[in-house]
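A.B. asks: Quick one: this structure, given as structure tokens, is what I'll be asking you about.
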Amino acid sequence: MVKSHIGSWILVLFVAMWSDVGLCKKRPKPGGGWNTGGSRYPGPGSPGGNRYPPQGGGGWGQPHGGGWGQPHGGGWGQPHGGGWGQPHGGGWGQPHGGGGWGQGGTHGQWNKPSKPKTNMKHVAGAAAAGAVVGGLGGYMLGSAMSRPLIHFGSDYEDRYYRENMHRYPNQVYYRPVDQYSNQNNFVHDCVNITVKEHTVTTTTKGENFTETDIKMMERVVEQMCITQYQRESQAYYQRGASVILFSSPPVILLISFLIFLIVG
């Protein structure tokens, strides 16, 4: 009987301590809230204050008070007070104030433009899909690949390919797979844009391609485009599965519960 009472008191004490810790976490810190000691616009009874606090009493019309229209008070329009538009106060737009917007004492804190936020979805998509190529209408450049070993049906063509394969592209241009209805359309578009871009770029450097080069280049690029399609399709379905997983109600409830435990 005594042991059960002791266990009950220990449980009550533990719950009380846990509640007190939770309240301490949620209790506002002194000096950091609105109209507290650390506020830029403190109230009449606040321990802290502006850089130029009122110097006198608190009656209206007194020479050193804090009422409206006093010469040395803290009311609106006073020459040495802390109200709005005062030359030495701490209100909005004052040249020597201590905490308002655009004041000299803030050192441009409120005037600095906010930094643009990076969209993490776009960053992740660009990293997974490849870099978007400017001037090619939304095409992306895939990662470098090893040129495949292809047999063209004759010893001459096989030897010619082995001797000239370094002149052919090892990267392909493509668009996201969700813009195509099937693999054939993706590969066809990928081959055309890659061969065209590589041919134009190489020709401007003073190197020309023969009909044999174009034939072999199309075969090589076709194999590379098929590989690129398989990679992109797999990555696309994996991203879709991840979105479905994290959008399911049980997962959302679990994540919300974990966040509640961490924050609370």
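Backbone N, Cα and C define each Cβ position, glycine as well.
Take a look at what Swiss-Prot says about it:
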type     : residues            : note
SIGNAL   : 1-24                : signal peptide
REPEAT   : 54-62               : repeat '1'
COMPBIAS : 55-107              : compositional bias 'Gly residues'
REPEAT   : 63-70               : repeat '2'
REPEAT   : 71-78               : repeat '3'
BINDING  : HIS72, GLY73, GLY74 : Cu(2+) 1 binding site
REPEAT   : 79-86               : repeat '4'
BINDING  : HIS80, GLY81, GLY82 : Cu(2+) 2 binding site
REPEAT   : 87-94               : repeat '5'
REPEAT   : 95-103              : repeat '6'
BINDING  : HIS96, GLY98        : Cu(2+) 4 binding site
CARBOHYD : ASN192              : N-linked glycosylation site
CARBOHYD : ASN208              : N-linked glycosylation site
A.B. asks: At a 10 Å cut-off from the C-beta of ASN192 (N-linked glycosylation site), count the other C-beta atoms across all protein chains.
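C.D. replies: Neighbour count, Cβ to Cβ under the 10 Å cut-off: 14.
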A.B. asks: Roughly how many Å separate the Cα of ASN208 (N-linked glycosylation site) from that of ASN192 (N-linked glycosylation site), to the nearest whole number?
C.D. replies: 18
A.B. asks: Does DSSP give ASN192 (N-linked glycosylation site) helix, strand or coil?
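C.D. replies: DSSP assigns ASN192 (N-linked glycosylation site) to helix.
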